[in-house]
Amino acid sequence: MANTAHLVRRQSSRDLKPQKSVDRLEMKEMRGRLVVDSRKNPTTNYGTTNPGFDDSSPSTKAKKPNAAAHVSLNVSSSIVESTAPKMPTGSTEGKGIFRPEAGEDERENWDSKLTFLLATVGYAVGLGNVWRFPYLAQKNGGGAFLIPYFVSPYLGGIGISSAVVSFNVALYYNTIIAWCLFYFVQSFQSELPWSECPNKYFQNGSYAPEPECQESSPTQYFWYRTTLMISKDINTPEVFNWKIALALVIAWILVYMCMIKGIASSGKVVYVTATFPYLVLIIFFFRGVTLPGMSDGLRHLFTPKWYTLTDPVVWLEAGTQIFFSLGLAFGGLIAFSSYNPVNNNCYRDAIMVSLTNCFTSMFAGIVVFSVIGFKATMVYEKCLADRNSTLIGIFGHPERFPDEIPPAGTLLNFTNGNNSVDNIIMPEIPECDLQKELDNSASGTGLAFIIFTEAINQFPGAQFWSVLFFLMLFTLGIDSQFGTLEGVVTSIVDMKLFPNLRKEILTGAICLVCCIISMAFAHGAGSYVFVLFDNFSGNFPLLIIAFFECIGVSYVYGLRRFADDIELMTGNRPGLYWLICWKYLSPLAMLTILVASFVEIICEGSGYQTWVPNKGTTERQEWPTWALVLIFILILASVLWIPMVAIFRALGILIIDDNEKAWFPAEDLKEFHGIVPHEVTAAETLLFCIRPDGSEGLCCPTGGLNDDDDDIDNGNLT
């Protein structure tokens, strides 16, 4: 939905910057700013086709001022002015649709279509495509405020919830970028610091390899001890991790510098950040397909495990992956799209970005698992070599190996050359299982910082590959962070919470606040707090928000009106498949996943993995009480706005200022696309209960011209 929700704009970006060419729609705009409907007997219309807009908010319902349009348009350094006659806004004839003054609500626009697509692809294609998608695939079996508000004022809380989720995700997402920066800097050493176990020195001057490192591996030790400085559990912060804190500060400064001028600055950066990862993935692809064990990794990735489809957690994680990967319900896509021309083909953009994201996930999965297959094969072959070496030391020759290896501790009797009996206690023989190595090779962030780094250690010129890999992760992460924060900044700007604050100052203030709060991830227990945010700040809130978005569009606003809007914007009407998905399939799927996931958590509990130094591995622990309270607050703070705004609105209390009317050139677009009124088909009538007057069953009309008592007539898009 976020891909098509930018159909509505407060103001066309064409007013704010000279364009390279003038199309028919622009010529129409220059001829006049007033669109008049001369029909004598207007009926209740919906969406962008509504001939008028009556403001009935509690604060302005008694006010009906006259309106005049006086707008200047800058086209190729020429100023064209047009003035419309004054007309009463409440009249039923000659109802005018007025554009707001450009100077009152100035809005940026993209330099070109390519810039927008790169920014959107960069936002959608992020770190999750590289480590989250491959991990989940093998594990499980193969202007955000504006849009909901104009659908219905009672649904204004959906946009606020999206902004809150974006803020929460931005907090911990930059921690991943900080880790990538730390590893990127460490990669320039003459010998990679995670290639060998460090030595532990004693008072007598002797030394030995670090026992904890020998119990695990050099890459695990460097990740948990050197990078995270990890504590035993979430209740024990221990030391402050100044290295990660410094990396966090640098990461937030870089994000702010790229966003300081809004899309004018971030739009330039995405030319690098959106294209560089593909170059690196292609390089790693050709390297990966030449590695031994590549086929085992790919077979493990694509072999389906059908029994996992009965697990609701699989569906929750799959749904969350789609939401995270595409940026759905965050509001970032809506914010980016709000800077597009009013007649931008959002349908084509949605398909293009979705297919690009899908292709990138699959391509990254192939790259990652070709390397994982190589790493698992190396470990498996080393295990076999150690096993055979131990058995040869006991039995002397491979032909003398027994069919079944005796268990460890078994007393073995051998007759030597002097006919005497030697007693040998059977040592523990390692079990070598390639499938087990593949199963244990992917585990969240450890996939990038443990498994991939261990594989890179085996490459000739490991430093080069390490620099390339972590630079790719950095670029993947930072342009996704642009979109996440843009959803927050654009919402605050459009809601006019700080009308006298310049956007670059507001962006800096948000980055500063986020940087300070993100220090919660820069101590011994910081990685556990990170897992808490990663598991709960996005999963459930995003599904809940998307569910109410579907309900708002399909049952409150109405599918027919929504389809009319899309047809006005793109010239093409969405097919029956999309309408069925929006009204029935998507809400039902999300509701089922949510209920099943809540039941699963209640029945089985929820926990996190802690590092056990003496074992060199991780163990599961339950969340403490205070962490459960924090989880509850994270979810509630995100979704509570949805019912709260609706309740306050019903009580006549305005949380959101709705004085400003939206501008939408409906008649211009009808002429531009040659649109004729849509005749409802029998299938649409049967499936969506469309009545003779154009309204729908299970639909709550948002009012029309003569409905003065309906406080939700701002649901009209015009």
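Keep in mind that glycine also has a Cβ here, set from the backbone N, Cα and C atoms.
Feature annotations, reproduced from TrEMBL:
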type     : residues                                                               : note
REGION   : 1-67                                                                   : region 'Disordered'
COMPBIAS : 12-40                                                                  : compositional bias 'Basic and acidic residues'
REGION   : 82-104                                                                 : region 'Disordered'
TRANSMEM : 114-133                                                                : transmembrane segment
BINDING  : Gly122, Ala124, Val125, Asn129, Ser325, Asn357, Leu476, Asp479, Ser480 : Na(+) binding site
TRANSMEM : 145-164                                                                : transmembrane segment
TRANSMEM : 239-257                                                                : transmembrane segment
TRANSMEM : 269-294                                                                : transmembrane segment
TRANSMEM : 314-339                                                                : transmembrane segment
TRANSMEM : 351-372                                                                : transmembrane segment
TRANSMEM : 505-533                                                                : transmembrane segment
TRANSMEM : 539-559                                                                : transmembrane segment
TRANSMEM : 580-603                                                                : transmembrane segment
TRANSMEM : 623-648                                                                : transmembrane segment
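Overlay of TrEMBL feature records on the structure.
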| residue | record | CB count, 10 Å |
| --- | --- | --- |
| Ser325 | Na(+) binding site | 22 |
| Leu476 | Na(+) binding site | 29 |
| Ser480 | Na(+) binding site | 29 |
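Residues 167-172, 174-175, 228-231, 233-242, 244-245, 248-249, 252-253, 255-256, 259-260, 262, 485, 488-489, 492-493, 498, 608-610, 623, 627, 630-631, 634 of the same chain lie 6+ residues outside the transmembrane segment (505-533) yet bring a C-beta within less than 8 angstroms of a C-beta in it. Per-stretch counts of Cβ pairs under 8 Å to the transmembrane segment (269-294) identify 351-372 as the leading one among 239-257, 351-372, 539-559, 580-603. With a cut-off of 8 Å between Cβ atoms, the residues of this chain six or more beyond the transmembrane segment (239-257) that come close are 174-175, 177-179, 181-182, 227-229, 265, 478, 481-482, 485, 507-508, 511-512, 514-515, 518-519, 521-524, 526. Per-stretch counts of Cβ pairs under 8 Å to the transmembrane segment (539-559) identify 580-603 as the leading one among 351-372, 580-603, 623-648.
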